[in-house]
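Taken from TrEMBL, the feature signal peptide applies to 1-19. Per TrEMBL, the feature domain 'FAD dependent oxidoreductase' maps to 5-324. Annotation source TrEMBL lists FAD binding site at T43, S44, V166. What TrEMBL records for Y223, R278 is D-dopa binding site.
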Amino acid sequence: MAAPKVAVVGAGVVGLSTALCIAETCPSCSVTVLSDQFSPNTTSDVAAGMLIPHTYPGTPIHVQKQWFKETFTYLFAISNSAEASEAGIHLVSGWQVFKNTPKEELPFWSDVVLGFRSMSEAELQKFPQHQFGQAFTTLKCDCPPYLLWLEKRLKATGIQISIRKVADLWELHSEYNIVVNCAGIGAQQLVGDEKLFPVRGQVLKVHAPWVKNFIRDGDGLTYIYPGIHRVTLGGTREKENWSLSPDPGTTKDIFDRCCSLEPSLRGAQDIKVKVGLRPSRQSVRLEREVLSQGGVKLPVVHNYGHGAGGFSVHRGTAKEAARLVGECIAALQGSSSRARL
(Lines of atoms letter the chains of each structure in order from A and count residues from 1; the text may use other names and numbers.)
(Lines give C-alpha, C1' and ligand atoms only; values in the text may rest on other atoms or scores of the structure.)
Protein backbone atom coordinates (compact mmCIF):
# COMPACT_ATOMS: atom_id res chain seq x y z
CA MET A 1 0.00 0.00 0.00
CA ALA A 2 1.05 3.64 -0.44
CA ALA A 3 2.59 5.51 2.52
CA PRO A 4 -0.06 5.39 5.28
CA LYS A 5 -1.62 8.76 6.08
CA VAL A 6 -1.99 9.45 9.81
CA ALA A 7 -3.96 12.32 11.36
CA VAL A 8 -3.18 13.36 14.95
CA VAL A 9 -6.05 15.38 16.46
CA GLY A 10 -4.86 17.82 19.14
CA ALA A 11 -1.82 20.09 19.46
CA GLY A 12 -1.06 20.15 23.16
CA VAL A 13 2.06 18.49 24.55
CA VAL A 14 0.55 15.00 24.09
CA GLY A 15 -0.57 15.56 20.49
CA LEU A 16 2.68 17.14 19.29
CA SER A 17 4.83 14.53 21.06
CA THR A 18 2.73 11.68 19.68
CA ALA A 19 3.06 13.04 16.13
CA LEU A 20 6.84 13.29 16.59
CA CYS A 21 7.10 9.72 17.93
CA ILE A 22 5.02 8.38 15.02
CA ALA A 23 7.32 10.12 12.53
CA GLU A 24 10.39 8.73 14.33
CA THR A 25 9.12 5.13 14.54
CA CYS A 26 7.23 4.96 11.20
CA PRO A 27 9.29 7.13 8.81
CA SER A 28 7.26 5.89 5.81
CA CYS A 29 4.09 7.53 7.21
CA SER A 30 2.74 10.88 6.22
CA VAL A 31 1.64 12.58 9.47
CA THR A 32 -0.62 15.63 9.86
CA VAL A 33 -1.49 17.40 13.13
CA LEU A 34 -5.03 18.84 13.12
CA SER A 35 -6.26 21.23 15.81
CA ASP A 36 -8.34 24.37 16.16
CA GLN A 37 -5.94 25.60 18.89
CA PHE A 38 -2.14 25.74 18.85
CA SER A 39 0.32 27.31 21.30
CA PRO A 40 -0.09 29.73 23.08
CA ASN A 41 -3.81 28.81 23.31
CA THR A 42 -3.70 25.18 24.50
CA THR A 43 -4.27 23.73 27.97
CA SER A 44 -0.58 22.68 27.93
CA ASP A 45 0.45 26.36 27.73
CA VAL A 46 -1.07 26.94 31.19
CA ALA A 47 0.63 23.90 32.77
CA ALA A 48 3.58 24.36 35.09
CA GLY A 49 5.48 21.59 33.26
CA MET A 50 7.10 20.09 36.37
CA LEU A 51 8.14 16.45 36.23
CA ILE A 52 6.54 15.25 39.47
CA PRO A 53 4.15 12.39 38.62
CA HIS A 54 0.48 12.42 39.38
CA THR A 55 -0.86 8.91 40.21
CA TYR A 56 -3.58 7.37 38.01
CA PRO A 57 -5.66 4.95 40.12
CA GLY A 58 -6.70 2.92 37.06
CA THR A 59 -3.21 2.40 35.58
CA PRO A 60 -0.67 -0.14 36.94
CA ILE A 61 2.19 1.57 38.81
CA HIS A 62 4.90 -0.19 36.77
CA VAL A 63 3.34 1.25 33.59
CA GLN A 64 3.21 4.77 35.06
CA LYS A 65 6.82 4.46 36.18
CA GLN A 66 7.90 3.38 32.68
CA TRP A 67 6.12 6.36 31.10
CA PHE A 68 7.74 8.74 33.60
CA LYS A 69 11.19 7.22 33.16
CA GLU A 70 11.03 7.50 29.35
CA THR A 71 9.86 11.11 29.61
CA PHE A 72 12.53 12.03 32.17
CA THR A 73 15.31 10.40 30.11
CA TYR A 74 14.18 12.18 26.94
CA LEU A 75 13.95 15.63 28.56
CA PHE A 76 17.16 15.14 30.55
CA ALA A 77 19.04 14.62 27.26
CA ILE A 78 17.54 17.88 25.89
CA SER A 79 18.44 19.72 29.13
CA ASN A 80 22.01 18.55 28.58
CA SER A 81 22.18 19.88 25.02
CA ALA A 82 22.66 23.21 23.25
CA GLU A 83 18.89 23.27 22.62
CA ALA A 84 17.96 23.39 26.33
CA SER A 85 17.21 27.13 26.53
CA GLU A 86 15.22 27.21 23.27
CA ALA A 87 13.21 24.16 24.40
CA GLY A 88 12.68 25.73 27.83
CA ILE A 89 13.94 22.69 29.75
CA HIS A 90 16.08 22.93 32.87
CA LEU A 91 16.88 21.10 36.09
CA VAL A 92 15.39 22.50 39.29
CA SER A 93 15.98 21.38 42.88
CA GLY A 94 13.62 21.80 45.78
CA TRP A 95 11.35 20.33 48.39
CA GLN A 96 8.04 18.54 48.72
CA VAL A 97 6.75 19.14 52.26
CA PHE A 98 3.98 17.46 54.28
CA LYS A 99 2.03 18.54 57.35
CA ASN A 100 1.88 14.84 58.34
CA THR A 101 4.21 12.02 57.32
CA PRO A 102 2.73 10.39 54.20
CA LYS A 103 1.93 6.67 54.03
CA GLU A 104 4.45 6.35 51.22
CA GLU A 105 7.72 7.94 52.27
CA LEU A 106 9.29 6.67 49.03
CA PRO A 107 7.06 7.41 46.01
CA PHE A 108 7.32 5.04 43.01
CA TRP A 109 9.27 7.66 41.03
CA SER A 110 11.90 8.40 43.71
CA ASP A 111 14.70 6.57 41.87
CA VAL A 112 13.97 8.31 38.53
CA VAL A 113 14.43 11.91 39.72
CA LEU A 114 17.91 12.91 40.89
CA GLY A 115 19.23 12.81 44.46
CA PHE A 116 15.95 11.91 46.20
CA ARG A 117 16.24 11.92 50.02
CA SER A 118 14.32 12.82 53.17
CA MET A 119 14.79 16.40 54.34
CA SER A 120 16.94 17.14 57.36
CA GLU A 121 15.63 18.76 60.54
CA ALA A 122 17.57 21.91 59.63
CA GLU A 123 15.89 22.13 56.21
CA LEU A 124 12.45 21.57 57.74
CA GLN A 125 12.97 24.69 59.89
CA LYS A 126 12.20 26.69 56.73
CA PHE A 127 8.67 25.20 56.83
CA PRO A 128 7.41 25.48 60.44
CA GLN A 129 3.90 24.25 59.48
CA HIS A 130 5.28 20.98 58.06
CA GLN A 131 6.86 18.01 59.79
CA PHE A 132 8.16 15.82 56.95
CA GLY A 133 9.70 16.52 53.58
CA GLN A 134 11.51 15.16 50.56
CA ALA A 135 14.31 16.88 48.67
CA PHE A 136 15.17 16.09 45.06
CA THR A 137 16.13 17.53 41.68
CA THR A 138 13.77 17.15 38.73
CA LEU A 139 13.14 18.72 35.33
CA LYS A 140 10.86 21.59 34.39
CA CYS A 141 9.54 22.46 30.94
CA ASP A 142 8.63 26.07 30.33
CA CYS A 143 5.55 25.17 28.35
CA PRO A 144 5.13 27.72 25.54
CA PRO A 145 8.82 27.46 24.47
CA TYR A 146 8.68 23.65 24.65
CA LEU A 147 5.53 23.48 22.50
CA LEU A 148 7.09 25.82 19.91
CA TRP A 149 10.27 23.71 19.95
CA LEU A 150 8.18 20.57 19.34
CA GLU A 151 6.34 22.29 16.45
CA LYS A 152 9.69 23.25 14.92
CA ARG A 153 10.90 19.63 15.24
CA LEU A 154 7.70 18.41 13.60
CA LYS A 155 8.06 20.77 10.63
CA ALA A 156 11.72 19.78 10.21
CA THR A 157 10.61 16.12 10.09
CA GLY A 158 8.12 16.91 7.31
CA ILE A 159 4.97 16.68 9.43
CA GLN A 160 2.09 18.85 8.24
CA ILE A 161 0.35 21.17 10.72
CA SER A 162 -3.18 22.29 9.93
CA ILE A 163 -5.62 24.54 11.81
CA ARG A 164 -8.89 22.65 11.67
CA LYS A 165 -11.70 21.90 14.09
CA VAL A 166 -12.57 18.20 14.03
CA ALA A 167 -16.14 17.61 15.23
CA ASP A 168 -16.22 13.85 14.57
CA LEU A 169 -13.29 11.46 13.99
CA TRP A 170 -15.31 9.77 11.25
CA GLU A 171 -15.10 12.91 9.08
CA LEU A 172 -11.38 12.09 8.57
CA HIS A 173 -11.87 8.58 7.14
CA SER A 174 -11.79 9.61 3.48
CA GLU A 175 -8.48 11.51 3.86
CA TYR A 176 -6.51 9.42 6.37
CA ASN A 177 -5.82 5.72 6.96
CA ILE A 178 -5.35 6.07 10.75
CA VAL A 179 -6.54 8.71 13.23
CA VAL A 180 -4.86 9.39 16.60
CA ASN A 181 -7.07 11.09 19.18
CA CYS A 182 -5.04 13.41 21.45
CA ALA A 183 -7.91 15.86 21.98
CA GLY A 184 -7.52 16.23 25.75
CA ILE A 185 -10.69 17.58 27.36
CA GLY A 186 -12.15 17.90 23.83
CA ALA A 187 -12.41 14.09 23.73
CA GLN A 188 -15.46 14.32 25.99
CA GLN A 189 -17.48 15.66 23.05
CA LEU A 190 -15.39 14.22 20.23
CA VAL A 191 -15.80 10.57 21.26
CA GLY A 192 -18.48 10.89 23.96
CA ASP A 193 -16.19 9.79 26.80
CA GLU A 194 -18.24 10.18 29.97
CA LYS A 195 -15.31 9.00 32.14
CA LEU A 196 -13.44 12.19 31.22
CA PHE A 197 -14.02 15.34 33.27
CA PRO A 198 -12.35 18.74 33.65
CA VAL A 199 -10.33 19.65 36.73
CA ARG A 200 -9.98 23.41 36.59
CA GLY A 201 -6.56 24.79 37.41
CA GLN A 202 -5.88 28.45 38.10
CA VAL A 203 -2.24 29.54 38.38
CA LEU A 204 -0.27 32.76 38.67
CA LYS A 205 2.85 33.50 36.63
CA VAL A 206 4.99 36.05 38.47
CA HIS A 207 8.34 37.80 38.15
CA ALA A 208 10.42 36.72 41.18
CA PRO A 209 13.89 35.88 39.83
CA TRP A 210 15.36 35.36 43.31
CA VAL A 211 13.23 32.22 43.81
CA LYS A 212 15.46 29.37 42.62
CA ASN A 213 14.02 26.26 44.36
CA PHE A 214 10.66 24.60 43.83
CA ILE A 215 8.41 24.10 46.86
CA ARG A 216 5.39 21.80 46.69
CA ASP A 217 2.95 21.05 49.48
CA GLY A 218 2.35 17.30 49.58
CA ASP A 219 -1.40 17.86 49.15
CA GLY A 220 -0.60 19.01 45.59
CA LEU A 221 -2.66 22.19 45.94
CA THR A 222 0.01 24.76 46.80
CA TYR A 223 3.21 24.94 44.76
CA ILE A 224 5.96 27.31 43.67
CA TYR A 225 7.76 26.28 40.47
CA PRO A 226 10.55 28.56 39.19
CA GLY A 227 10.91 28.65 35.41
CA ILE A 228 13.50 30.31 33.20
CA HIS A 229 11.65 33.65 33.08
CA ARG A 230 8.67 33.38 35.44
CA VAL A 231 7.70 31.55 38.62
CA THR A 232 4.42 29.56 38.51
CA LEU A 233 2.34 29.78 41.70
CA GLY A 234 -0.56 27.40 42.23
CA GLY A 235 -3.08 26.32 42.40
CA THR A 236 -6.55 24.82 42.30
CA ARG A 237 -8.09 21.40 41.50
CA GLU A 238 -11.79 22.04 40.87
CA LYS A 239 -13.58 18.98 39.48
CA GLU A 240 -16.29 19.48 36.85
CA ASN A 241 -15.68 23.25 36.71
CA TRP A 242 -15.58 24.37 33.05
CA SER A 243 -14.96 28.09 33.70
CA LEU A 244 -11.91 29.57 31.95
CA SER A 245 -12.38 32.97 33.62
CA PRO A 246 -9.87 33.86 36.35
CA ASP A 247 -11.42 34.27 39.80
CA PRO A 248 -9.95 37.23 41.78
CA GLY A 249 -10.71 35.62 45.16
CA THR A 250 -8.84 32.49 44.05
CA THR A 251 -5.91 34.60 42.85
CA LYS A 252 -5.58 36.16 46.32
CA ASP A 253 -5.91 32.74 48.01
CA ILE A 254 -3.18 31.19 45.81
CA PHE A 255 -0.86 34.14 46.41
CA ASP A 256 -1.38 34.03 50.19
CA ARG A 257 -0.84 30.25 50.36
CA CYS A 258 2.38 30.49 48.35
CA CYS A 259 3.65 33.40 50.47
CA SER A 260 3.12 31.29 53.60
CA LEU A 261 5.55 28.73 52.12
CA GLU A 262 7.95 31.34 50.65
CA PRO A 263 7.48 34.77 52.34
CA SER A 264 9.85 36.50 49.89
CA LEU A 265 7.13 36.15 47.22
CA ARG A 266 5.39 39.18 48.79
CA GLY A 267 7.81 41.15 46.60
CA ALA A 268 6.79 39.40 43.35
CA GLN A 269 5.98 41.69 40.41
CA ASP A 270 3.88 41.55 37.24
CA ILE A 271 1.36 38.89 38.27
CA LYS A 272 -0.45 37.21 35.35
CA VAL A 273 -3.36 34.81 35.93
CA LYS A 274 -3.91 31.71 33.74
CA VAL A 275 -6.67 29.08 33.77
CA GLY A 276 -6.66 25.63 32.16
CA LEU A 277 -8.91 22.56 32.22
CA ARG A 278 -7.00 19.36 32.98
CA PRO A 279 -8.45 16.41 31.02
CA SER A 280 -8.91 13.98 33.90
CA ARG A 281 -10.02 10.36 34.21
CA GLN A 282 -9.14 7.36 36.40
CA SER A 283 -6.57 6.21 33.84
CA VAL A 284 -5.04 7.60 30.65
CA ARG A 285 -6.96 6.22 27.67
CA LEU A 286 -4.22 4.67 25.56
CA GLU A 287 -5.61 2.00 23.25
CA ARG A 288 -6.54 0.96 19.71
CA GLU A 289 -10.10 0.93 18.42
CA VAL A 290 -11.62 0.30 14.97
CA LEU A 291 -14.59 2.47 14.04
CA SER A 292 -16.80 1.09 11.29
CA GLN A 293 -19.70 2.44 9.28
CA GLY A 294 -21.36 0.53 6.44
CA GLY A 295 -18.46 -1.87 6.06
CA VAL A 296 -15.84 0.93 6.01
CA LYS A 297 -13.28 0.72 8.82
CA LEU A 298 -11.22 3.48 10.43
CA PRO A 299 -8.42 2.46 12.83
CA VAL A 300 -8.13 4.89 15.76
CA VAL A 301 -5.52 5.17 18.52
CA HIS A 302 -6.59 7.10 21.64
CA ASN A 303 -4.04 8.92 23.82
CA TYR A 304 -5.77 11.34 26.20
CA GLY A 305 -6.95 11.81 29.79
CA HIS A 306 -3.58 12.70 31.35
CA GLY A 307 -5.12 15.10 33.89
CA ALA A 308 -2.55 16.91 36.05
CA GLY A 309 0.25 14.56 35.01
CA GLY A 310 0.57 15.17 31.27
CA PHE A 311 4.04 16.71 31.25
CA SER A 312 5.43 14.01 33.55
CA VAL A 313 4.46 11.16 31.20
CA HIS A 314 3.90 12.77 27.80
CA ARG A 315 6.87 11.23 26.00
CA GLY A 316 6.26 7.75 27.46
CA THR A 317 2.61 7.72 26.41
CA ALA A 318 3.51 9.17 22.98
CA LYS A 319 5.95 6.27 22.40
CA GLU A 320 3.25 3.76 23.33
CA ALA A 321 0.72 5.48 21.03
CA ALA A 322 3.26 5.37 18.18
CA ARG A 323 3.73 1.64 18.80
CA LEU A 324 -0.05 1.17 18.54
CA VAL A 325 -0.05 3.14 15.27
CA GLY A 326 2.62 0.72 14.03
CA GLU A 327 0.27 -2.18 14.85
CA CYS A 328 -2.54 -0.46 12.91
CA ILE A 329 -0.23 -0.01 9.89
CA ALA A 330 0.80 -3.69 10.02
CA ALA A 331 -2.88 -4.69 10.14
CA LEU A 332 -3.72 -2.44 7.17
CA GLN A 333 -0.78 -3.77 5.14
CA GLY A 334 -1.82 -7.33 6.02
CA SER A 335 -5.37 -6.73 4.81
CA SER A 336 -4.28 -4.92 1.62
CA SER A 337 -1.89 -7.77 0.70
CA ARG A 338 -4.69 -10.27 1.37
CA ALA A 339 -6.98 -8.19 -0.84
CA ARG A 340 -4.44 -8.41 -3.71
CA LEU A 341 -4.44 -12.19 -3.38
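Glycine residues also receive a Cβ, built from the backbone N, Cα and C atoms like all the rest.
Model confidence over the domain 'FAD dependent oxidoreductase' (5-324) is summarised by a mean pLDDT of 97. A distance of 35 Å separates the Cα atom of V166 (FAD binding site) from that of Y223 (D-dopa binding site). With a threshold of 8 Å between CB atoms, the same-chain residues lying at least 6 positions outside the signal peptide (1-19) that come near it are 26, 28-35, 37-39, 42-44, 47, 141, 143, 146-147, 150-151, 154, 159, 161, 166, 169, 172, 175-184, 186, 190, 303-304, 306, 310-311, 314-315, 317-318, 321-322, 325, 329, 332-333, 336.
Ranking the binding-site residues T43, S44 by how many other Cβ atoms lie within 10 angstroms of each Cβ puts T43 at the bottom. Within its own chain, R278 (D-dopa binding site) has T43, I185, P198, V199, R200, G201, R237, H306, G307, A308, G310 as residues 6 or more apart in sequence whose C-beta sits under 8 angstroms from its own. The CA atom of Y223 (D-dopa binding site) is located 17 Å away from the CA atom of S44 (FAD binding site).
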